[in-house]
Amino acid sequence: MDAGINWTALAVFVFFFVLVTVMGFWASRWMAGPSNKGAHLDEWGLGGRNFGAWITWFLVGGDFYTAYTVIAVPALVYAVGAYGFFALPYTILVYPIVFLIMPKLWHAAHKAGHVTAADVVYGRYQSRPLEFAIALTGVVATMPYIALQLIGMEVVIKALGLTGELPLLAAFVILALYTYSAGLRAPALIAFVKDLMIYIVVLVAVVVVPAKLGGYGVVFDSAREVFANKGGATGLTLKPSQFLPFATLALGSAMAAFMYPHTLTGIFAAKDANTIRKNAVFLPAYTVLLGLIALLGFMAYAAGVKVQTNNDVVPALFNGLFPSWFAGFAFAAIAIGALVPAAVMSIGASNLFTRNFWKPYVNPGISNEGEAKVAKVVSLVVKLGALVFILFLPTKFALDLQLLGGVWILQTFPALVFGLFVGWFGARALLCGWAVGIVCGSWMAFADGIKPVHSFTVGGDQYSMYTGLIALALNIVVAVVANLVLGKGSRPALRSAA
Amino acid sequence: MRLLLLLPFIGLLWVPFYNKELPALWGFPFFYWYQFAWVPLTSLLIWLVFRDGLKKGEE
């Protein structure tokens, strides 16, 4: 990237950043309807549970397709080609899963006033240890995810020509303050601006870039040529050894996606179950966008973009092919695209902390007002943690933890989902399954040197699969066996939550 | 009706079926446009199941 500050781009960038900051602070008064409960966790942490189909669409889309996605997916496609496209089947398959599971989860949460996944689990099984396991997994898996959003922001700030940690710090303080004051309403409102900007950027890019380079045929041809010279497991199509990793990564990621606290927060904030069903129908629109974004990785080859680290591919492409003002607009879109999910993630983690650590173990008699207060403070701590992470630890550490986080969060699937459909499982069995899944999943990942896929040999043939999915299979097997051995336990399976 | 939701899983997880470059469409190799095609298709399938559920008065 060229040295020196790109002033035009920077000016456009700052303009949009200030715009969303103002919106963020104003958001505390937005959508505060007649049902407003004042100082209550439902208001701060779930926006009053009043979001209709449109707001939910922007909110869930905004926190599911993150700034890091915009940077990392094209970077992966740039590096390995077809394999990086597993993000496409992943973000398609997630919607049938959302459609079948999430309305049921919403009902369970709404009836009893649950705010988090761990609340729902406790409500169903009345087991503090299982609740603790689910909440802990959620918090731990979310932290590196927030850190990744900062990496996304760092990449575009660097592309503007700014150096040092100060710009990132400033962006972060702003984010922390308006999340503190407006809660989930801030990212929900900002998501409108973010998405509008991202859509404009991507639509312009996928029309203009190929037009400048000579069409999509040329884009794919130049990528094919580069991969042919590079050799290895790269190319415009998959190698047979990549079939199973590709499919299992897509499926496992799709099952894990809505186990994360931030995506669930979007679900719990919906005003009714049909809002969620409608969103399962219309959210795939974002997947088209994601697929087009992924293609930027190939366009970089046609444009002859050279980068030191793969993550710089998208910024380099915009800096190279577009006028400064549009590059600034694109970078602002990506940076704001980091704010929305980072805010929702920190809110999701704070909700978990407040409801499932603070309330049961520190202050069981806490008032609604007290809950909201604790959550607000925790949201600051969580974000500070992520910032420290980025400033003082190597980036690779955040990436590794994020990968492990995916494996871990997938292990909460049985505890959270099975109870919605069958009443057969007991808390102790699910806890055994969870523990085995976490331990085996982490062990496999570490043994492989933190790789997403694990290889094993069956009858002389090597098979590679997504580690998280293998761990989930073990998890379920152990839960079934443990349930047969231990029985369901004598506690009542259903009682409204305390 | 809900079985319709299995179709995207079959269509997208059966990778060898679409792991080829031809036939290309507007310069897009088959591998890519096939996956893109599943986006509106999946939306449509979910919508059909959703509408069916509404008719039956599902809550």
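In case you wondered, yes, glycine gets a Cβ from its N, Cα and C as well.
Feature annotations, courtesy of TrEMBL:
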TRANSMEM  A:54-77  transmembrane segment
TRANSMEM  A:83-102  transmembrane segment
TRANSMEM  A:132-151  transmembrane segment
TRANSMEM  A:166-184  transmembrane segment
TRANSMEM  A:196-220  transmembrane segment
TRANSMEM  A:240-260  transmembrane segment
TRANSMEM  A:281-304  transmembrane segment
TRANSMEM  A:324-353  transmembrane segment
TRANSMEM  A:374-395  transmembrane segment
TRANSMEM  A:401-422  transmembrane segment
TRANSMEM  A:429-446  transmembrane segment
TRANSMEM  A:466-486  transmembrane segment
Whether the transmembrane segment (A:196-220) meets the transmembrane segment (A:324-353): three or more C-beta pairs under 8 angstroms: yes
Segment proximity, the transmembrane segment (A:83-102) to the transmembrane segment (A:281-304), 3 or more C-beta pairs under 8 Å: yes
Candidate ranges A:240-260, A:324-353, A:429-446 - greatest C-beta contact count to the transmembrane segment (A:54-77) (under 8 angstroms): A:324-353
Among the ranges A:240-260, A:374-395, A:429-446, A:466-486, the one whose Cβ pairs under 8 Å to the transmembrane segment (A:401-422) are most numerous: A:429-446
Tertiary contacts of the transmembrane segment (A:466-486), as residues 6+ beyond its ends and Cβ separation under 8 Å: 245, 248-249, 251-253, 255-256, 406-407, 410-411, 413-414, 418, 424-426, 428-430, 432-434, 436-438, 440-441, 444-445, 448, 451-454
Region pair the transmembrane segment (A:429-446) / the transmembrane segment (A:132-151), three or more CB pairs under 8 Å: yes
Selection from A:166-184, A:240-260, A:324-353, the stretch that has most Cβ pairs under 8 A to the transmembrane segment (A:83-102): A:240-260
Tertiary contacts of the transmembrane segment (A:240-260) (same chain, 6+ residues out, Cβ under 8 Å): 64, 82-83, 86, 89-91, 93-94, 97-98, 101-102, 117, 138, 141-142, 145, 233, 267, 345, 348, 406, 409-410, 412-413, 416, 452-453, 462-466, 468-469, 472
